[in-house]
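K.L.:
I am attaching a structure below and will ask some questions about it afterwards.
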Amino acid sequence: MAILYQHKIQEQLRFIGKKANRPFISWSEEIDHVDPVYFFSLGQACSFRQRFYWSDRTNETVYVGLGCTYIIETEEKEQRFRTVETEWKRWMEQTASYSNGTDAVPIIFGGFSFDPFKPRTEKWRAFPHAKMIVPTVLLSLKNGKATLTVTMRSEQNEEIIKKIGMLIRLLYQEQKQQTSSLPPLITYKEVQKEEWFDAVKKTIENIRKGKFDKVVLAREARLSFADAIDPSVVLQQLREQQPFSYIFAFEQEGQCFIGASPEQLVKKEKDTCYSICLAGSIRRGKTLQEDEQLGKWLMNDEKNLREHQFVVQMIKEAIEAVCKRVQIPSSPQLLKLQHIQHLYTPVIGEKCRAASVLSIVEQMHPTPALGGTPREKAIKEIREAEPLDRGWYAAPIGWMDAEGNGEFAVAIRSGLLQGKEASIFAGCGVVGDSDPMSEYEETKVKFTPMLSALGVERDE
Ligand SMILES: C=C(O[C@H]1C=CC=C(C(=O)O)[C@@H]1O)C(=O)O
Ligand SMILES: [Mg+2]
């Protein structure tokens, strides 16, 4: 059965490759439901050197990409969002689409660095300031349907067609490929902890002097394991442990940026756009009663409410600038995640005039949940005071289609897997009445989702 299916798809791809009158073809077909993490894991067996994974907070849209047919990559600092958009439009014109009755449309997926003006360190060598890709094979799970989309050159594509054949065979063969397990932890190190504390103290002083209102400062923990970490296993863990988060992974050159973020930056669906304000945090309680007390405390804590309000203010203005009507509740709700609770305000903008989701991302990044207020001053302070190269941490990651619809999350609760080693990242919103020790504790809680996904339990 698997073999028959494999041949059928290969024949179709060869056929449309021949008849296409454009340099690229994009072909889609509805397929039987497959497990997206399993699909991701097969990328390795079929030697696709680039993989990505995306599922939204509601698990309504899942995208898994294998291989890379077209890369839009830039080291530009000011123009990076626009360059991606222009290149994407230009590329789409060279592509003939065959949707075979599906509602699939080609997408690009990728991300950006947090601050293109901060010098890049060796750690983030493989991650440029902007990189979005058109995958060779895309699995989309949407509205209960699974669709396979193959995008490739219309000529000289036999090698790719063979790889796709192998993928289909493995996907539908009865005996599933073995999954690996998580390797034991060898070392755990909080990187430049003292320097980070100093930065927090200095920033609090500067805020009290009136230099700025809020600055988010992040830090890193570095882990080493007995063996290489398999991103598929981490994805599986994240999926089980963080059901209300965006689960994402972007792998290239054997390095994988991965995480489970609760924070939507923006979603654009025709002329409606959505965003959420997320800032202000407290851990989950050990008992139901403690959990409720902590939640209640958070909802009434002035420091956290202020931290949250800066985000609401900025996102409201950004959405108002592109939408005719904006719906936004006047006070935050509580968002309870597996390890942490947050203040949360959803935003909906109607009659959106923006040309694309990416143009809104450009306006919004970074919100004061990741940067600070006023924005430019806060970014400069982070650049100078924070002892960390954030790379893609805390930056936009997501997808866009040819119409400019799409969704981006903020890549927090994330880490970079590099063979046997991993870096994980966490930040916190520093305001005038921040207490350095509580902020430190907060970042520790924010490390927990990635730590648990890596199989590391640290109860200090
Ligand atoms: C910067 C992070 O979280 C942000 C999002 C929610 C709550 C935050 C806070 O309370 O400080 C942060 O602004 C992170 O998780 O690394
Ligand atoms: Mg905070």
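A Cβ is built for glycine as well, from the same backbone N, Cα and C atoms used for every other residue.
From TrEMBL, for reference:
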ACT_SITE  Lys214  active site, proton acceptor
ACT_SITE  Glu263  active site, proton donor
BINDING   Glu307, Glu442  Mg(2+) binding site
DOMAIN    193-446  domain 'Chorismate-utilising enzyme C-terminal'
K.L.:
Using DSSP and three states only, what is Glu307 (Mg(2+) binding site)?
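P.N.:
Assignment for Glu307 (Mg(2+) binding site) reads helix.
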K.L.:
According to DSSP, which of helix, strand or coil covers Lys214 (active site, proton acceptor)?
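P.N.:
In the DSSP reduction, Lys214 (active site, proton acceptor) maps to strand.
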K.L.:
Between Glu442 (Mg(2+) binding site) and the residue listed as 'active site, proton donor', what is the CA-CA distance rounded to a whole number of Å?
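P.N.:
If we compare the Cα positions of Glu442 (Mg(2+) binding site) and the residue listed as 'active site, proton donor', the gap is 16 Å.
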K.L.:
Rounded to a whole number, how many Å is the Cα of Lys214 (active site, proton acceptor) away from the Cα of Glu307 (Mg(2+) binding site)?
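P.N.:
About 7 Å separate the Cα atoms of these two residues.
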K.L.:
Over the span of the domain 'Chorismate-utilising enzyme C-terminal' (193-446), how high is the average pLDDT in this prediction?
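P.N.:
Summing pLDDT over the domain 'Chorismate-utilising enzyme C-terminal' (193-446) and dividing by its length gives 97.
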K.L.:
Looking at the recorded positions Glu263, Glu307, Glu442, which one has the fewest other Cβ atoms within 10 Å of its own Cβ?
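P.N.:
Taking Glu263, Glu307, Glu442 as the recorded positions, the minimal 10 Å Cβ count falls on Glu442.
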K.L.:
For Glu307 (Mg(2+) binding site) and Glu263 (active site, proton donor), determine the Cα separation and express it in whole Å.
P.N.:
15
